[in-house]
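Trainee: If you scroll down you'll find the structure; I have some questions about it.
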């Protein structure tokens, strides 16, 4: 038979025949024989020939080597040229393949026909197959196993053979091998799933819930129950196969190829007569999957089988995607029964973490303390609001363990310091070796001794580090062995091989347990000796540190230096804010409450309204607070309320509603706080905003949360909310200077506030703080602060600036205005100090490195270079 008509062959079979020519040319042979085709079949990636031989118990590597040996023994041409000829053996083999096609009643010659034809190939096939104990009967049995009772009716039938093996993952097999994580709790959901699966029709549960609550884990839990026999009779011995939609769609380049693959999977499930339960994770992907022009989507292929109860299928998807895809297709929706999977409580999450702890300890080779598990559940629930338990708590535990493992494998700090010191001294020694004077020789001698001591210390530390690492590795290795033995014990108990189970449990397992106890004892002795370089237990501090890295919220316990800093918070703020003792005290107390862990966890850290005339330090205090908390005064969310004077501008805070431009961008306030939940949020000049804007802030002030235009809940529980306003500033200016009128002034200001703001808004604010107008002596302190800032700018040129008391009084007088507060001082400093100084620098009167003294003469500032005459 001449292989010149590709329409007689399936795609894969024709590919192998075409490749035969290349194989012959590679080996410099001109005649195409059966061995060249055999090699081409073996070389196919994931090919059916390889699968048939593997199932027949043949080692493919050895088979490949044997074929190559045979080809290499055949005659070779020094210059084979371009043309190749069809050999007699290959021609006969293709005729036999045609015979097998007719025998099986297929439309095309397929790979399995070619493989069977080798059984009667006198030149090569019979000899090779005999070496590997194969004959036609054995090959036919394997082919029957692979293709079942399917016929070759298309040119790509190989993709439909063993389709469940190709496009699915056997969860029950993984459970048998102990490769699935234990599933703790979720009994109610698993029971409801089993109940639905036991129905006669529409026996298809769909698990719906938020991402990360454990929907896939329920399917894995069911697989584990099937393996352990803890299911009703209708599910005993069944297989649970997870369908991989990605693999099913990938590479289906021709129209109808995807449907063909899916149909093959569904046929296999149907023919199993209830022995296979299909699990489709992210089931919304089947709606519209593979639907090209004129082709049917996967959802429509599933519907008839789901309705008749021929296909038992478990789906899993999130609430949003269920609503978006499944609910729109009412016919598909009614074929599934909903099982709602809720987020577990913090207590349930702790139980789940305790169940998973051992797996993570074995994987990372560290120990995880119980307090760390509790901290992971509690802190993730409190501080990570946009994700769900138990997923976020498991991630925390996993990352904390990974971080500790990384520290164990990295060089310890003590050893690193010694290494750096040795390197430094080595460089110094090289330098001193070139000197010949007595002092250098003396120093070199001392250095050699110091270097010898350090190298001894380095050797000792290295040995200790290696010893500790070895013990930790040993503990991990023993734990892994125990894990494997436990899986073997479970397997033996399932097979009722009680002798094997007892032998493992009371022999191997107890021996491993003794080894583990000895290694643990050795490790704890090393660590309690006080000389330990490594830490191998994850604690709650590690969890708190990871939370801080994720969110920017300081959760870790206060170290002594930070405690000291917080106790002196008032003094820190007063370094920037002059006067306003009451305001600084109230703000400091709020931050101290929060960091001590005594603040209400369901409200913002604090919310204030700062009232007072312009230029008295309202915005400056907010900046000082941001600078204290984040070491950067710009690290605050600043919303200028004068930009929100129209009613519709509220959408800029929380995001535009659906259908409007900018819907996807989110709001200026919500996005900023979502990215940085631990923040100072400053609403500047709130009286300028439209009244409806404050309705948005009611939930923020009361519950510490707000829902943006996308439906996301933004958490403000770790934010300090500060609002500034000039309302009532006339009363403050009139009465604020005199303490005797303080109560009267406060009453007038509060009346003005009640006229402008609604009671439900004012009632939710923690404190309304009134900033007093500034006295002359306070202005002098502000001048000194401003001069210090000017000195920082001059420091680049190494110029020092000194002012006499008279000069400071002159600037205070020039900038004093009770109505405008401290702002005119900036202008006075600029006009009376900065401008003349700039002129002097440009003229060359002052140079880099000078000390400039400013005094007053004839009621004007005079600039002197110290030890020189006045220059301005």
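Cβ from N, Cα, C; glycine included.
Copying in the features that Swiss-Prot gives for the protein in this structure:
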- 209, 210, 211, 212, 213, 214, 215, 216: ATP 1 binding site (BINDING)
- 612, 613, 614, 615, 616, 617, 618, 619: ATP 2 binding site (BINDING)
- 394-528: coiled coil (COILED)
- 6-149: domain 'Clp R' (DOMAIN)
- 9-74: region 'Repeat 1' (REGION)
- 86-149: region 'Repeat 2' (REGION)
- 162-343: region 'NBD1' (REGION)
- 344-552: region 'Linker' (REGION)
- 562-773: region 'NBD2' (REGION)
- 774-872: region 'C-terminal' (REGION)
Trainee: Quick check: with 209, 210, 211, 212, 213, 214, 215, 216 left out, which same-chain residues have Cβ atoms within 8 Å of the centroid of the ATP 1 site Cβ atoms?
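Mentor: Neighbours within 8 Å of the Cβ centroid, excluding 209, 210, 211, 212, 213, 214, 215, 216: 318, 341, 343, 388, 391.
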Trainee: Tell me which of the binding-site residues 613, 615, 616, 617, 619 ends up closest to residue 213 (ATP 1 binding site) in space, Cα to Cα.
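Mentor: Going through 613, 615, 616, 617, 619 one by one, the Cα closest to that of residue 213 (ATP 1 binding site) is 619.
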Trainee: So how many of the residues in the domain 'Clp R' (6-149) end up helix, strand or coil by DSSP?
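Mentor: Its residues divide into 97 helix, 6 strand, 41 coil.
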Trainee: Whole-number answer please: how many Å between the C-alpha atoms of residue 210 (ATP 1 binding site) and residue 619 (ATP 2 binding site)?
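Mentor: Given the Cα positions, residue 210 (ATP 1 binding site) is 41 Å from residue 619 (ATP 2 binding site).
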Trainee: Under a three-state reading of DSSP, tell me whether residue 216 (ATP 1 binding site) is helix, strand or coil.
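Mentor: DSSP assigns residue 216 (ATP 1 binding site) to helix.
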Trainee: Far apart in sequence but close in space: which same-chain residues, 6 or more away, have a Cβ under 8 Å from residue 212 (ATP 1 binding site)?
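Mentor: Residues satisfying the criterion: 387, 388, 389, 390, 391, 392.
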Trainee: Provide the three-state DSSP residue tally for the region 'C-terminal' (774-872): helix first, then strand, then coil.
Mentor: 52 helix, 18 strand, 29 coil
Trainee: Given the binding-site residues 209, 211, 214, 216, find the one whose Cα is closest in space to the Cα of residue 617 (ATP 2 binding site).
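Mentor: Closest by Cα distance to residue 617 (ATP 2 binding site) among the binding-site residues 209, 211, 214, 216: 211.
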Trainee: Neighbour count, 10 Å Cβ-Cβ cut-off, for residue 615 (ATP 2 binding site): what number do you get?
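Mentor: The answer is 21 other Cβ atoms.
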Trainee: For a quick check of understanding: among the binding-site residues 213, 616, which residue's Cβ has the most other Cβ atoms within 10 Å?
Mentor: 616
Trainee: Let me know the model's mean pLDDT on the region 'Repeat 2' (86-149).
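Mentor: The predicted confidence over the region 'Repeat 2' (86-149), as a mean pLDDT, is 80.
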Trainee: So of all those binding-site residues, 612, 613, 619, which one's Cα sits nearest to residue 215 (ATP 1 binding site)?
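Mentor: Its closest listed neighbour, by Cα, is 619.
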Trainee: Ten-angstrom check, please: count other Cβ atoms within 10 Å of the Cβ of residue 612 (ATP 2 binding site), all chains counted.
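Mentor: Within a 10 Å radius of the Cβ of residue 612 (ATP 2 binding site) lie 27 other Cβ atoms.
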Trainee: Write down the Cα-Cα distance for residue 211 (ATP 1 binding site) and residue 618 (ATP 2 binding site), rounded and given in Å.
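Mentor: Cα-Cα, rounded: 43 Å.
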Trainee: Closest to residue 612 (ATP 2 binding site): which of the binding-site residues 209, 211, 216, going by Cα position?
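Mentor: Among 209, 211, 216, 211.
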Trainee: Find, for the listed binding-site residues 211, 613, 617, the residue with the lowest Cβ contact count at a 10 Å cut-off, counting only other Cβ atoms.
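Mentor: Each of the binding-site residues 211, 613, 617 was scored; lowest Cβ tally within 10 Å is 211.
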